[in-house]
Amino acid sequence: MQKQVVVMDEAAIKRALTRVSYEIIERNKGTKNLALVGIKTRGIYLAERLHKRILEIEGIDVPVGDIDITLYRDDLSFKDDKTREPAVHGTNIPFDINGKKVVLVDDVLYTGRTVRAAMDALMDVGRPAQIHLAVLADRGHRELPIRADYVGKNIPTSGNERVEVRLTDVDNEEDAVIINKNE
């Protein structure tokens with residue numbers, strides 16, 4: 001039997017993203033040379049929301065892009081097992097990342113493997129001056145030495161729990177962060 005527990009509702013997500021936006025601005029001493037890159041899929045929408053908040057706070061339009069890490073994963077999945085073709089969605093970074101302070105944005109930080117793949121993919125696009133990581137939820141259980149610079153909420157979990165982020169933009173459901181517990 002699976003039990004769902006909502007740990008962040010729409011209002012909590014909005015507050016967390018506002019706080020993270022302020023933290024990004026403060027840590028980078030403004031928005032000069034700053035860029036946001038969302039990791040597909042939900043990281044893209046969270047990066048857009050951070051972009052909107054930073055624009056409201058600073059009045060500066062920080063560049064936003066998105067990155068597809070499919071070919072960089074160590075657990076590559078295929079859209080068709082017969083042809084062994086990976087399901088690639090494409091990267092869209094319409095600005096030069098060389099010398100920029102890039103904030104990678106994702107929904108959940110777990111093992112660190114997604115972030116490692118995103119950094120590899122980003123380095124193939126250019127050479128940023130810095131790479132920071134912003135996540136909505138950090139659930140622990142790292143397998144790689146990766147730590148988020150900006151965290152919406154730390155959510156300690158056990159091995160039989162899964163953290164799921166639902167966003168209106170993608171899931172057509174109310175924004176929420178949910179822990180699914182197998183009992």
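Placed from the backbone N, Cα and C atoms, the Cβ positions cover glycine too.
Quick look at what Swiss-Prot lists:
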BINDING   Thr41, Arg42, Asp106, Asp107, Val108, Leu109, Tyr110, Thr111, Gly112, Arg113, Thr114, Arg139, Val163  substrate binding site
MOTIF     102-114  motif 'PRPP-binding'
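Projection of Swiss-Prot feature records onto the structure.
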{"residue": "Thr41", "record": "substrate binding site", "DSSP (3 states)": "coil"}
{"residue": "Asp106", "record": "substrate binding site", "DSSP (3 states)": "strand"}
{"residue": "Gly112", "record": "substrate binding site", "DSSP (3 states)": "coil"}
{"residue": "Val163", "record": "substrate binding site", "DSSP (3 states)": "strand"}
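Here the motif 'PRPP-binding' (102-114) has Cβ contacts under 8 Å with residues 24, 34-39, 42-44, 46-47, 50, 67, 69, 73-75, 122, 128, 130-146, 148-151, 163, 165, 167 of the same chain, all six or more residues outside its ends.
Each of the binding-site residues Thr41, Thr114 was scored by the number of other CB atoms within 10 A of its CB, and the lowest score belongs to Thr41.
If you take the C-beta of Gly112 (substrate binding site) and look for same-chain residues 6 or more apart in sequence within under 8 angstroms, you find Arg142, Glu143, Leu144, Pro145, Ile146.
Around Asp106 (substrate binding site), the same-chain residues at least 6 positions away in sequence with a Cβ under 8 Å from its Cβ are Gly38, Ile39, Arg42, Gly43, Leu46, Thr114, Val115, Ala118, Leu133, Ala134, Val135, Leu136. Around the Cβ of Val163 (substrate binding site), the same chain contributes Val108, Tyr110, Ala137, Arg139, Ile155, Thr157, Val177, Ile178, Ile179, Asn180, each under 8 angstroms and 6 or more positions distant in sequence.
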